[in-house]
Amino acid sequence: MSKQAPAGRPSRPPRQAGKSGRARDSREGSRPSGGRPLAVDPARAVAYEVLRAVTERDAYANLILPGMLRRARLRGRDAGLATELAYGALRGRGSYDAIIAAGTDRPVAEIDPAVLDALRLGAHQLLHMRVPPHAAVSTTVDLVRSVSGPGASRFANAVLRRVGERDVDEWLARVAPDAQENPDGNLAVTYSHPEWIVRGLRDALRGTGRPAQELPELLASHNARPSVVAAALPGLSDVAELTEGPHARPGVLSPVAAVLKGAPDEIAAIRQGRARVQDEGSQLVALGAAAAPTTGPDRGLWLDLCAGPGGKAALLAALLSERHAAGLVGDDAELVAVESAEHRAGLVQQSLAAIRCAYDVRVRDGRTVGEAEPGRYDRVLVDVPCTGLGALRRRPESRWRRAPSDLTSLAPLQRALLESALAAVRPGGVVAYATCSPHPAETRMVVDDVLRGRDDVERLDSPGVLRDLIGSRRLPGHGDELFLGDGPAVQLWTHLHGTDSMFLSLLRRRA
Ligand SMILES: C[S@@+](CC[C@H](N)C(=O)[O-])C[C@H]1O[C@@H](n2cnc3c(N)ncnc32)[C@H](O)[C@@H]1O
């Protein structure tokens, strides 16, 4: 353990100290990305590297973490610790920065970013994990010394000692703005979200008839670790297969879901591509798109207009294959999967590899499909690019990276894609408009705008379609209440359904 300076009001940390070649701690350490070793255990080193990559390179934690864990040879509990440290510090940044600011005379914006990331890791351990305080402080101080030198480590020591003087509730009561005078500011700091997201989610709750009092619960749900759920692809696997060993139990709402207890690759069906990791909300969207009633026979010409990386396309293709085998669709049945980004189209191709149905993955702009193939398809799923405000628990840094301007910049694309989908579907065919955001600007308002002045499209009873799929399954502790609303669209909620907050509006061209 390192020697620590006495607690006190910390002085200014040296900026960019690590780059000037200061004295280093000589202890053996770990550096998952291969550079100079960090004087800290491998799990903390990986977590720190993730935070640095997110801050410096705009990396996505969920994409880089698996490779870093592999390179550091971390598995089991150690991998779990690294993940919890990185995700927790990223999610909690809003609360931790306010608390760190109260522990120093410097604005957080003036702290060397390399030191600040370490302080966030330390604060997460002190305030939200059962790490003994002396270990949380000393490991962080060692880390800062190896990265930024002794001056910065004294600063870190002083800040963290102050942070450790109170528990998280006491700190939040001190540093969050007054709840009466500034309710959004209070929730933003208490639940670690940017204020504009707090406001947007309140509007979203109200707009779907949920009481705004649910907002704290919704915000808190974004800070909890989501369970890992798999979809058993129909015809290739089933829930019974996934749950027959000790590795999974049946899902909550989706008829093809299994909740995993361990790593996905423990399950053979997942290793073989017969089942896929997929949130239950996404499963219900794809199942709903396939189940919504068409007028006239469904020939099996299905289109996924925004397919990458291919989770919903895989489920649609498996369902189509089953229907084909049962003679319910024609011999020319196929799933056309359109994706504008080439590398994501490659992922769609991979996701469909195990499925025995005709499919065609196309790299093109979905906005052009309606004009190119008017009225061709029986079913179109248009799962548009969105802010992802409904999946904040999965992408721990995204809440800090998104901006209100994303809502306005995505809006024309979302409208154009829905218009293209409606042009591509035949009269009597179904369009499923979906987002993984509950924000009104990306959900109701898009559908309302596109349908305004059109009398050739009807809104289907989306809650009714999902209710039939859910069957006798129920949310634990809620009796018969499924919280699907009065329609015509459905908004799923993380705090109510345990799914990502997916929106689904089922529409049908009038025959
Ligand atoms: C929300 S994601 C779709 C997720 C997918 N349905 C799944 O379940 O895996 C939206 C996708 O639309 C793609 N996209 C963006 N603009 C597009 C466009 N103009 N045409 C087609 N795809 C587009 C993005 O690259 C992204 O892969």
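Using N, Cα and C of the backbone, Cβ positions are placed for all residues, glycine too.
Per TrEMBL, the feature active site, nucleophile maps to Cys436. Marked as S-adenosyl-L-methionine binding site by TrEMBL: Cys306, Ala307, Gly308, Pro309, Gly310, Gly311, Lys312, Glu339, Asp365, Asp383. Residues annotated as domain 'SAM-dependent MTase RsmB/NOP-type' in TrEMBL: 204-510. Residues or ranges marked as region 'Disordered' by TrEMBL: 1-39.
Feature map: annotations from TrEMBL on the structure.
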{"residue": "Cys306", "record": "S-adenosyl-L-methionine binding site", "Cβ contacts under 8 Å, 6 or more apart": "Val338, Glu339, Gly366, Leu381, Val382, Asp383, Val384, Pro385, Leu417"}
{"residue": "Gly308", "record": "S-adenosyl-L-methionine binding site", "Cβ contacts under 8 Å, 6 or more apart": "Glu339, Ala341, Arg344, Ala345, Leu347, Val348"}
{"residue": "Gly310", "record": "S-adenosyl-L-methionine binding site", "Cβ contacts under 8 Å, 6 or more apart": "Ala337, Leu347, Val348, Gln349, Gln350, Ser351, Leu352"}
{"residue": "Lys312", "record": "S-adenosyl-L-methionine binding site", "Cβ contacts under 8 Å, 6 or more apart": "Gln278, Ser282, Val285, Ala286, Ala289, Asp304, Leu381, Asp383, Ala434"}
{"residue": "Asp365", "record": "S-adenosyl-L-methionine binding site", "Cβ contacts under 8 Å, 6 or more apart": "Ser340"}
{"residue": "Cys436", "record": "active site, nucleophile", "Cβ contacts under 8 Å, 6 or more apart": "Gly281, Ser282, Asp383, Cys386, Gly388, Gly390, Ala391, Asp500, Ser501, Met502"}
(request) In three-state terms from DSSP, label Gly308 (S-adenosyl-L-methionine binding site) for me. (result) coil
(request) Would you give the longest CA-CA distance, in whole angstrom, between residues of Cys306, Ala307, Gly308, Pro309, Gly310, Gly311, Lys312, Glu339, Asp365, Asp383, the set recorded as binding S-adenosyl-L-methionine? (result) 19
